Amino acid sequence: MAITSSTNTIGLLNLQKNGKHSNMDLPLFRSSHLKVRRFKRIFKCASQVNDISVEVVKPEIDFKDPDWKKHFQEDFDNRFRLPHLTDILDVKPRPTTFSLKSRGPLDDGNGAPMDTWYGYVNDDDRALLKVIKFASPNSAGAECIDPDCSWVEQWVHRAGPRKQIYYEPKEVKAAIVTCGGLCPGLNDVIRQIVFTLEKYGVKNIVGIQFGYRGFCDENLREVPLSHQVVQNINLAGGSLLGVSRGGPSISDIVDSIQAKAIDMLFVLGGNGTHAGANAIHDECRKRKMKVSVVGVPKTIDNDIQLMDKTFGFDTAVEEAQRAINSAYIEAQSAYHGIGLVKLMGRSSGFIAMHASLSSGQIDICLIPEVPFKLEGPNGLLQHLEHLIKTKGKAVVCVAEGAGQELLQKSAALDASGNVVLGDIGVHIQQQIKRHFKNIGVPADVKYIDPTYMVRACRANASDAILCTVLGQNAVHGAFAGFSGITTGICNIHYVYLPIPEVIRSPRRVDPNSRMWHRCLTSTGQPDFR
């Protein structure tokens, strides 16, 4: 029996060239729906020329087969197997040059003192992807494979340094590229990648400027990187290397990698950037190049599958508090004051939800995953009337992707192939003013959009730690010979995951999850439907 369902009951990804594009927006569904269903959505990867089609297949599973769990787990193990250089090349490992017992890389060629230091991760080490055994499909946040919600172990590879490596550090040329938009922590990751590469003994480290376009733009030269260059870059926001969306074709990028003699490529970016990284990995394998392509997931929206969180998210939530506090003060200080804050979140409302929970000042939280209506007895405007009547003020937090069905749809796309969203914040502001004017009740609406202030700030302590570990593990993964992988945190353990398994769709807030229920309890808002 062939099984292709994944850990969140989403199926196999087939990356293909296609001439269409839109944002990567694949539907999630429960595995208790057993019929095969196929969904095709196209998203423009950050490499821009090669559009990538993602085919999601939901297979039938014969739960009457007494061995269905075994077959499921075998398929899971196959899909989460990490691509390795030895899959295509006859390369032999050598003892690692990485050891914290020494002040620098081990240069004697004998490898690290393995009998005296136990800081290495075994290739067979695994971490559990799912740790809750749900008793019922109706449990809050339940993700069940079968109708009985059976417990199925799903193990993924543990991240960290290995005893054996597949590169000679002195011969390695490593490159780092940051793509997409800005995000707190980019400089922290760059810094730690450089530090860890040097710990292995790598001398030739470069940065590619302004995303993938830096591979082929003659006006953009490689930036030499070293301990001295990156020592203090974590003290500032942004990216030392610059960011951009779009870029040349995959073929041109790999041509450039060959011409520049790059052995390791570290790609910092979100879903689209990772799709591009995976396409680069595939092209390198096709050409039988000894190149490790390793991703570090960067999205301020926290919308990458399978991971507890991505770097920049904690900082974004913390910075959002400033805007929320300002909106609260404005609302409290005005007669019938209404503070309205728009936060990031194209398809996932994690920032808005967590910011609302942490502030304790939000009366209404609106996210893309939960539809709402403005008018009518159960509408948002009616509830605002109630808040003004009972409290004299109100504070509303809305994610940028919420309520798009209320706005005129746009056919315009940004450089990453995402549909340009309508401004839900401005729309709600106008509707609130119109409504209260029509009912003859004064209302003082203050609208705050802190988007670029949040993106450009320095990483806070929590994100700085996460960035440090992710940067280090990316280097460990490359030296271990893996490629086409990304590194992240899963159930508080750091892991390696194949890129196709994390880019199949954006991670979203589950409206049945305990966290969303906690947010509703905190705000006291009703169902606006």
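Including glycine, each Cβ sits where the backbone N, Cα and C put it.
Annotation source TrEMBL lists active site, proton acceptor at Asp301. Taking the Cβ of Asp301 (active site, proton acceptor) as centre and 10 Å as the limit, one finds 29 other Cβ atoms among all the protein chains shown.
If you look up TrEMBL, you'll see Gly181, Arg245, Gly246, Gly270, Asn271, Gly272, Thr273 marked as ATP binding site.
In the predicted structure, the domain 'Phosphofructokinase' (174-476) carries a mean pLDDT of 94. According to TrEMBL, the domain 'Phosphofructokinase' annotation covers 174-476.
What TrEMBL lists as site 'Important for substrate specificity' is Gly272.
One residue stands out among the binding-site residues Gly181, Arg245, Asn271 for having the most other Cβ atoms within 10 Å of its Cβ: Asn271. The two recorded residues Arg245 (ATP binding site) and Asp301 (active site, proton acceptor) have their Cα atoms spaced 17 Å from each other.
Neighbour density around each Cβ, counted as other Cβ atoms within 10 Å, peaks among the binding-site residues Gly246, Gly272 at Gly272. Note: the Cα of Asn271 (ATP binding site) and the Cα of Asp301 (active site, proton acceptor) are spaced 11 Å from each other. With the fewest other C-beta atoms within 10 Å around its C-beta, Gly270 stands out among the binding-site residues Gly270, Thr273.
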